[in-house]
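One structure is given below, encoded as structure tokens.
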């Protein structure tokens, strides 16, 4: 084996070992790398009240109630939903059916008190006419917005 | 590949390529910017803000592309000791860093109106920030030694180690819940983006790559010239020392 070959294998082996190590670490700490939990995670894992966290999902249709600057709505992942109250300015994209991430704390009554509401947008980009045409022809898939 | 590791051949080839890469960059960026800012429709959901995408997304691709190029050059320098590979890796770093910064900046400006925040510590944004720091680390390390060869070697190892971050950036949006939306263009089942918006996006991406080739040639030439000057100086000092 020439020195060049030896260096080549050394670099390849090193990259392989490093890649493996990083993959193991990322898998191990995967839980803390998620930006938000889904409503199902909240319901199933019984996360203690008072802990600051983020919940992500869709704003449930017909759940939005505005009362002055305070809004209440439900964040759903279709299987489960969490009721949320929030006082403040909402992002432009916020509406029913839209993906959102809310940050705040769970109170005793199982109501999520949000201090921040972020809108999530999906990976689809199209002009308005195309979106309208898709809706008209019944090919519109709202489920796409869900992650 | 090994044939092109010769600096003299690189300089000859560079002379031929440079006018073409300049022309492609100017044409693609000109046409791309026209379509991005004027000749393309507004998004059904985001309205006119979607135009930030035409700079943001190609910048992000460039940031990752330049890093991969830098890592490949570094590997070639470490394994085959090509004299040119170190210089090209060094020449690529500031370009990659600039576009990574541009990506983070435009992303922040886009995030405020769309998401409602300038910054979020989600996996995609954080890994992109790490990429910027890797570029900074590389540029600091490559110049940190009196002996340029040692600087090149240390920086090349850093570039290779940091390369594990690139797949993490690409698939962060699929592996974890993130505020950032999943991939629109490079994904299973084809792009989720209308062709009237995809064309300007790709024009910008090609324009950025051509720009990289031009800059690589210019900076590569400068690095080769600087190395020649250093060698001549060393020879003069050596001759003067012997003449005494």
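Even glycines carry a Cβ here, placed using N, Cα and C.
As recorded in TrEMBL, the features of this protein are as follows:
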{"type": "TOPO_DOM", "residues": "A:1-7", "note": "topological domain 'Cytoplasmic'"}
{"type": "TOPO_DOM", "residues": "A:29-147", "note": "topological domain 'Extracellular'"}
{"type": "BINDING", "residues": "A:121, A:125", "note": "heme binding site"}
If I restrict to non-local contacts, at least six residues apart, and a C-beta distance under 8 angstroms, what lies near residue A:121 (heme binding site) in its own chain? A:93, A:99
Confidence summary (mean pLDDT) of the topological domain 'Cytoplasmic' (A:1-7): 86
Counting across all protein chains present, how many other Cβ atoms fall within 10 Å of the Cβ of residue A:125 (heme binding site)? 25
Kindly report the helix/strand/coil residue split of the topological domain 'Extracellular' (A:29-147) according to DSSP, in that order. 24 helix, 44 strand, 51 coil
